[in-house]
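These notes concern the structure reproduced below.
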Amino acid sequence: MGRPEGVRARAVALGIFATLALFSAIPGASMSDPNAPERPPAPGSSQPHRRLKRGWIWKQLFVPEEDPTPQVIGQLKSDSDRGESSIRYILSGEGAGDVFQIDEYTGEIRTLGKLDREEKAFYVLQAQAINRRTNQPEEPESEFIIKVQDINDNVPQFQNEPYVSSIPEMCPTGTTVARVTATDADDPMFGNNAKLIYSILQGEPYFSVEPKTGIIVTSWPNMDREARDQYLVVVQVKDMLGLSGGYSSSTTVTVTLTDVNDNGPTFQHHLYAFAVPENAAVGTTVGRIMAQDGDIGINAKMTYSLEDDLEASATFIIRTDPVTQEGVVLLAKPLDFETKRRFVMAAEAANDHADTRFLPLDEFRDRTTLKIVVEDVDEPPVFLSPLYEWKVPENAAVGTAVGSVTAEDGDAFNNPVRYSIARRSDATRAFKIDPNNGTVTTAKVLDREAAGWHNLTVEAKETAQGRLSSSAALFIKVLDVNDNVPRLATDYQPYICEGTQPGELVQLISAVDPDEPAEGHHFYFSMVPGRHINPNFTLRDNQDNTAGIVARRSSFSRRDRTQYLLPVVVTDSGSPALSSTSTLTISVCSCQPGGHCPTGGVRALAMSMGVSLQTLLGLSVCLLTLTDVELAQFLLLPLCCLSSCCC
């Protein structure tokens, strides 16, 4: 085990001395007792009437461990042994022959090598005494024990290493930190070899250890984690109750102080100054402030708030960064340098979890002052309105003023502004604007029927500094003027069936007008006034923007006449009212049952006239010789005249 030779020799001597003392105290040191009384036979014995004489008495034998020198540790001898070597002694059992050996003539028992009590503490053996002549037992076989006597040859060992413990800072004196435990393989029942004593080698005066139990406790009040958060405590254990010559070992206990909330937040500065441009977006980080707190974890968590200036509190907010525990000042409302240029407010930091066991409540908060300066930014001109909507009549003269726009430069310099119309929004160049005062006028005559709305973009630009610009939307509605005559809605081709009765409807007509009067359209229908009433047709105005052509007689026949021309006058309700005249050609048709004219009157006309091929050729030659005026007059002649080409 690596101990000094002097210690080993001393231990061996002590063992031998103890063995000899034990033998001297036993009656019959030779381990035989010739005067011992006979014992009665055991019940059920085969010789119930014979009393066996006990020729030897076995006692426990001792041998010191770790002694390599072979030595006699005792002697077995029968009272029948007269020294004539007539008795043969035999040893059997644990260790017989390899650990222990018996002299078959003398009965002396000796060791063959060193023993280790920690490996085997005792041996159980049997001894016999045999008569050499008869080969019969002189004594009954008997069992005895050889016990290995302990010496201090083992170093105490700490269990469950490494030792790690934690205690809260500021804990009271006597707080249990940890318990260290050591064991010693030596015999705890023999002497002081395994009697252990604990002591502190490193860690005083902050810690102490209970010598017998190994319990480590604090011995220093108010240990502060913020000053020192970890200690290494070295504990020593000694056997032999710490006496000289014993063995020792040591272990290290790592003691960590856990945090308690014994510190409040503290600002390092009484004033924090920040600057922010006036065009900063809402949500912009203006700056960060930090209150120092010596604690950690939940004990260092804090909440920031802004106080005093209600306007400033509404313009700025402060939030706690959960990672860095900084107070982040954020912009909550738009800024305007020209309105307010500086904000001053108080900021407070307060612990979320105050512990009044260590500090008064008011020491868990601290205050500082924030000064925020708004920086001027060159901003573009601002229109008084983001959009304008005007109206102008379509017959307005060129140069008519439609309206005016106004944009102002809110910067401190108040730069002059010039106006213009974005050409991409006025491709027809229908308007122009005064660059100095923003007055918009017409540049050409407007036509509502061509464009009812004009959507323009007006720009205002600074004349100095950054020449910044902004724009506004301009919507101009062209008001309607009654400048279009009404006309029939379509190219009507009416026909009347032979046999039509008076009062029957020949054709329903309506009108259209590109104008859009505010009250809606109202058309009036009439026939061209004449000296005589038309004997064939009449026009009935339905007062709903429609009119009906009605037959006045019943004697319509294709043989008499195949077409009738009927001029119709349409008048609108504008101021002044406008009208137009359209001539309808009404054909006479030989209608099928149900009043249907399948040929539309054209084929019926040719058939009723019986025009030959020669006649059609003559008409073609006649038409080729007419001038434009004569052709127009010719087309108005009744078709009956055309059959003879009497133009």
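The first residue you see is number 1, and the count goes up from there.
From the backbone N, Cα and C atoms, a Cβ is placed for every residue, glycine too.
Going by TrEMBL, these are the annotated features:
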SIGNAL    1-32  signal peptide
REGION    31-50  region 'Disordered'
DOMAIN    78-158  domain 'Cadherin'
DOMAIN    159-267  domain 'Cadherin'
DOMAIN    268-383  domain 'Cadherin'
DOMAIN    384-488  domain 'Cadherin'
DOMAIN    488-600  domain 'Cadherin'
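A mean pLDDT of 89 is what the model gives for the domain 'Cadherin' (384-488). Helix, strand and coil counts under DSSP for the domain 'Cadherin' (268-383) come to 14 helix, 53 strand, 49 coil.
Remark: secondary structure over the domain 'Cadherin' (488-600) totals 0 helix, 49 strand, 64 coil, with classes taken from DSSP. DSSP assignment over the domain 'Cadherin' (159-267) gives 3 helix, 47 strand, 59 coil.
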